[in-house]
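Participant: Starting off with a structure, shown below.
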Ligand SMILES: O=c1[nH]c(=O)c2[nH]c(=O)[nH]c2[nH]1
């Protein structure tokens with residue numbers, strides 16, 4: 001928030017444009033098309049208190065202008081680039097173009113369009129929608145100082161065994177049996193903060209952050225599931241979450257912290273009986289899938305030393 005003290009009061013304010021949707025297509029000389037679809041949120045911290053206090057809009061960057069800027073910058077990007085690089089380019093535009101703008105915060109969610117294959121052959125211009133989404137948040141200061149966070153949302157994962165939950169607090173309110181055999185299902189929301197702290201220090205490769213996104217996802221999945229044959233035992237969502245976050249920090253030295261939200265989506269054992277007939281007796285086979293209520297488990301893990 002941009003803060004101002006006036007007449008013994010503190011005003012905190014920001015303004016921006018939310019949910020600006022843009023799609024961009026790039027065409028290679030050989031005729032292959034590449035595309036992205038982005039939903040952009042822009043928020044500017046700027047000195048425009050006169051608009052709040054004195055009906056004076058002379059320092060206001062119109063949110064309509066912010067929206068137009070998204071399309072102008074998308075047009076100007078003649079080469080494909082990562083969602084992170086587009087967010088940085090936009091944020092940097094706002095802080096460097098307007099004297100009164102001290103900080104620009106840009107969030108983007110990328111829709112997961114994936115190239116289709118027909119009979120095993122990648123299609124030149126055909127895409128289908130995948131599942132989880134790539135996200136980024138970029139905060140740029142006028143000085144060029146940068147905070148860069150990337151993430152994934154909607155990464156739904158499930159394993160049918162190698163999960164249990166034992167040894168928790170038991171009191172007169174506890175009904176949950178201890179188990180070493182249950183389903184484990186979650187929908188991961190992850191975000192990871194990079195240690196690049198200025199625009200000038202970010203890697204130049206236009207797909208650096210796209211590749212990192214794919215690699216981080218891979219590490220998250222490998223740690224959640226374990227090796228294909230034997231898997232890995234999960235003693236709780238908490239312990240699996242910790243292992244996943246730690247694996248990301250161990251593997252990627254330019255990531256400084258990881259935040260994970262992993263709801264525990266319950267699959268309830270099904271037992272059905274009438275007075276004289278047990279119709280269904282649960283034997284780790286028939287479940288009632290639910291989406292609410294769900295356990296909500298989240299944590300963040302950071303390096304204590306924060307610079308590379
Ligand atoms: O992995 C789990 N963590 C919990 O905190 C919890 N609480 C609960 O009822 N089941 C589970 N499972």
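The backbone N, Cα and C atoms fix where each Cβ goes, glycine too.
No curator has checked TrEMBL annotations; they are predicted automatically.
Quick caveat, the model's predicted, so the values are computed rather than measured.
Features from TrEMBL:
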- 17: active site, charge relay system (ACT_SITE)
- 63: active site, charge relay system (ACT_SITE)
- 266: active site, charge relay system (ACT_SITE)
- 63, 64, 165, 182, 237, 238, 264: urate binding site (BINDING)
- 63, 264: O2 binding site (BINDING)
- 63, 64, 165, 182, 237, 238, 264: 5-hydroxyisourate binding site (BINDING)
Participant: Give the number of CB atoms, excluding that of residue 182 (urate binding site) itself, located within 10 Å of its CB.
Facilitator: 21
Participant: Relative to ligand 1, which of the recorded positions 17, 63, 182, 237, 264, 266 have a Cβ found under 6 Å from one of its atoms?
Facilitator: 237, 264
Participant: Tell me the Cα distance separating residue 264 (urate binding site) from residue 17 (active site, charge relay system), rounded to the nearest angstrom.
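Facilitator: Rounded to the nearest whole number, the Cα-Cα distance is 34 Å.
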Participant: Of 64, 237, which of the binding-site residues has the most Cβ neighbours inside 10 Å?
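Facilitator: Its Cβ has the most other Cβ atoms within 10 Å: 237.
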Participant: Under DSSP, is residue 64 (urate binding site) helix, strand or coil?
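Facilitator: For residue 64 (urate binding site) - judged by DSSP and reduced to three states - the answer is helix.
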Participant: Taking only the residues the record lists as binding 5-hydroxyisourate, namely 63, 64, 165, 182, 237, 238, 264, what is the largest Cα to Cα distance between any two of them, in Å to the nearest whole number?
Facilitator: 52
Participant: Any idea what the Cα distance is from residue 64 (urate binding site) over to residue 266 (active site, charge relay system), rounded to a whole Å?
Facilitator: 44
Participant: Would you identify the secondary structure of residue 182 (urate binding site) according to DSSP, in three states?
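Facilitator: In three-state terms, residue 182 (urate binding site) counts as coil.
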Participant: Reduce the DSSP letter at residue 238 (urate binding site) to three states and note it down.
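Facilitator: Where residue 238 (urate binding site) sits, the three-state DSSP reduction gives helix.
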Participant: Give me the CA-CA distance between residue 238 (urate binding site) and residue 63 (active site, charge relay system), in Å, as a whole number.
Facilitator: 42
Participant: Below 8 Å Cβ to Cβ and six or more residues apart, same chain only. Which residues does that give for residue 165 (urate binding site)?
Facilitator: 176, 178, 179, 182, 235, 236
